[in-house]
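Chemist: Look at Swiss-Prot and you will find MET1 tagged as N-acetylmethionine. Per Swiss-Prot, the feature N-acetylalanine maps to ALA2; the stated evidence is similarity to another entry. According to Swiss-Prot, the feature topological domain 'Cytoplasmic' maps to 2-26, 86-108, 168-178, 247-268, an assignment based on sequence analysis. Swiss-Prot lists 48-64, 130-146, 200-225 with the feature topological domain 'Vacuolar'. The transmembrane segment annotation in Swiss-Prot covers 27-47, 65-85, 109-129, 147-167, 179-199, 226-246.
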Amino acid sequence: MATSARRAYGFGRADEATHPDSIRATLAEFLSTFVFVFAAEGSILSLDKLYWEHAAHAGTNTPGGLILVALAHAFALFAAVSAAINVSGGHVNPAVTFGALVGGRVTAIRAIYYWIAQLLGAILACLLLRLTTNGMRPVGFRLASGVGAVNGLVLEIILTFGLVYVVYSTLIDPKRGSLGIIAPLAIGLIVGANILVGGPFSGASMNPARAFGPALVGWRWHDHWIYWVGPFIGSALAALIYEYMVIPTEPPTHHAHGVHQPLAPEDY
């Protein structure tokens, strides 16, 4: 999978939104985000149903439940990124797309279309989960008891920073060469590991679409802003640090009137 060799900031060409490659990439983001959120949120609903029927407490609040949820997220994201990587780059996360935008690896038009696709994919996944589970409300994310807003925000910043840094080092860095299956595997593993760290405190979302779908369908908005602000700050920090401190310094490419040639679907 090729990557853009140089940073190129700009809004994008007017015809980029209707270009066949852009449409295919947007569809890939929609489908992969759907697959990821359906499996990830579904694993939580499945555990809750099992524990509601056989115990007095929710399964996700137990050590075993935490491990199972982390594994489900890791496996699902590994599969989702692998499925989309050669078409869209396999973002499957608005925060990853934002980091690529901040780093000059995608145009603003491409980022907007990815965000819309990712959010719609997450919403559809949660709607189908509610339908197929006979009305169970998606759980989504909220801060645990005793965890303040600042604590949760900083935790989401750190967790997302780690995720996007791994994405940059395995997928975006133009010096990396082809890593094949290692890239989506590494991304899935860091998400699983981060859930083991942050799950008991903030839920470890790291993904605004992953948080938005359950919040909308389950109508659970408590602390929701944290799961947008934290991941976006963390992704921007990771992108800027990797672009300007890890990747050799290069002058940004500017084009007339803020417009540049659209990047290929996998160039981010």
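Every residue gets a Cβ built from N, Cα and C, even glycine.
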Chemist: With pairs closer than 6 in sequence left out, are the transmembrane segment (27-47) and the transmembrane segment (109-129) joined by 3 or more CB pairs under 8 Å?
Modeler: yes
Chemist: Looking at 27-47, 65-85, 147-167, 226-246, which one has the highest count of Cβ pairs under 8 angstroms to the transmembrane segment (179-199)?
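Modeler: Maximum Cβ contact count belongs to 65-85.
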Chemist: Count the residues of the topological domain 'Vacuolar' (200-225) that DSSP assigns to helix (H, G, I), to strand (E, B) and to coil, and report the three numbers in that order.
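Modeler: Helix, strand, coil within the topological domain 'Vacuolar' (200-225): 11 helix, 0 strand, 15 coil.
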Chemist: Across the topological domain 'Cytoplasmic' (2-26), what does the mean pLDDT come to, as a whole number?
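Modeler: For the topological domain 'Cytoplasmic' (2-26), the model's average pLDDT rounds to 70.
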Chemist: Can you tell me which of 27-47, 147-167, 226-246 gets the most C-beta pairs within less than 8 Å of the transmembrane segment (65-85)?
Modeler: 27-47
Chemist: Using DSSP, break the topological domain 'Cytoplasmic' (86-108) down into helix, strand and coil residues and give each count.
Modeler: 10 helix, 0 strand, 13 coil
Chemist: According to DSSP, how is the topological domain 'Cytoplasmic' (168-178) divided among helix, strand and coil residues?
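Modeler: Tallying H, G and I as helix, E and B as strand, the rest coil: 5 helix, 0 strand, 6 coil.
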Chemist: With a Cβ cut-off under 8 Å, give me the same-chain residues at least six positions beyond the ends of the transmembrane segment (147-167) that come close to it.
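Modeler: For the transmembrane segment (147-167), the list is 93, 95-96, 99, 186-187, 190-191, 194, 197-198, 201-202, 204-206, 223, 226-227, 229-231, 233-235, 237-239, 241-242.
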Chemist: What are the DSSP helix, strand and coil residue counts for the topological domain 'Vacuolar' (130-146)?
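Modeler: The counts are 3 helix, 0 strand, 14 coil.
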Chemist: Counting only residues 6+ away from its ends, which parts of the chain sit with a Cβ under 8 Å from the topological domain 'Vacuolar' (200-225)?
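Modeler: Distant contacts of the topological domain 'Vacuolar' (200-225): 33, 36-37, 40-41, 66, 92-95, 118-119, 121-127, 129-130, 137-144, 147, 149, 151-152, 155-156, 159-160, 163, 191, 194, 231-232, 234.
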Chemist: For the topological domain 'Vacuolar' (130-146), find every same-chain residue at least 6 residues outside the stretch whose CB is under 8 Å from a CB in it, and list them.
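Modeler: Result: 41, 44-45, 48-49, 60, 152, 200-203, 205, 210-211, 213-215, 217-220, 222-224, 226-227.
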